[in-house]
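The structure under discussion appears below in the form of structure tokens.
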Amino acid sequence: MQDRFLKSIAKLPESLATAVVPLLDKDFAGHIDAQQLTELQAQTQMELNELLLALLPIAAALARPPISEFHVGAIAKGKSGDIYMGANIELPGEALFHSVHAEQSAISHAWLSGETIIEDIIVNASPCGHCRQFINELVEGSKVNIHLPSQDTAPLSHYLPYAFGPSDLNISAPLLSKQQHNLILDSNDPMIIEALDHASLSYAPYTKNFAAVVLETKDGATYCGRYAENAAFNPSMQPMQMALSTMSRHNRDFSEINRAVLIESSKGVVSLVGAAMDALHSVAPIELEHIVAEPE
Ligand SMILES: O=c1ccn([C@H]2C[C@H](O)[C@@H](CO)O2)c(=O)[nH]1
Ligand SMILES: [Zn+2]
């Protein structure tokens, strides 16, 4: 089991601790599939929602909050029945808006894993206004059920009445709906090709700046993040933040970053390069490779 889970395991009911420890091997990065969940339920005799709430300390152990020391853990449950954990990240020495919230981390985890609908979000602290707004960007966002340790389950529409969202800006294909915005670039570099693929799947209906980041560690592993915009603009999730969040779920230290690539569209009305460089430089002394590609 990874050391980062030692304290959380001590907080779990004994039957759950015994059942979940075998999943927390060196490759565990916060994904538990539907079959594994069924097995956990059988071993613990817990209802599904009870089990998901009980797993939150594991999600919170993925957090890296050097500023607040406040560990938030979230779980996004996809239509497939799989669950995706996420946790907050704060970037040392940088403006607070660079932070990633646990709910954003969990949602981006589900998105990067190919989920098209998120049905439930389970979180250990009441979701802040920014997260409510981020969740509202999802396909059928108002129907996402929010589960908290000491509240009755309620849909997002309860937590965010009179919502402002994508439809107010005439966007009918919200976050997690299929995106395909091909960018043209002649390259044989696998890392650049990976970034290009993710940029084509990014969600940038408001600026058309289809963008993605790939981070590589010295051993050749890569961690990606796509740009995910928000109708209220500020809660948008930057691709660098998403990639850092992917890396931390995989228990990699940011100091292990060896190469960093940002790809964005030449036709976007904004550029993410400044924001991406600031975030990267707060955690690793690496130059950002910035590539601008033509949309098809
Ligand atoms: O809904 C919330 C509220 C706060 N935080 C994080 C952000 C920051 O890292 C820390 C303190 O606000 O908690 C979340 O992850 N989700
Ligand atoms: Zn939040």
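Cβ coordinates come from backbone N, Cα and C, glycine included.
In TrEMBL, annotation is done automatically, which means it is predicted and not curated.
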In TrEMBL, the Zn(2+) site includes C128, C131. Which of H98, H101, H109, H158 does it also list there?
-> H101
Would you kindly give the Cα-Cα distance separating C131 (Zn(2+) binding site) and E90 (substrate binding site), rounded to the nearest Å?
-> 15
Roughly where does the domain 'CMP/dCMP-type deaminase' (47-167) sit in mean pLDDT, to the nearest integer?
-> 98
Determine, to the nearest whole angstrom, how far the Cα atom of E103 (active site, proton donor) is from the Cα atom of C131 (Zn(2+) binding site).
-> 6
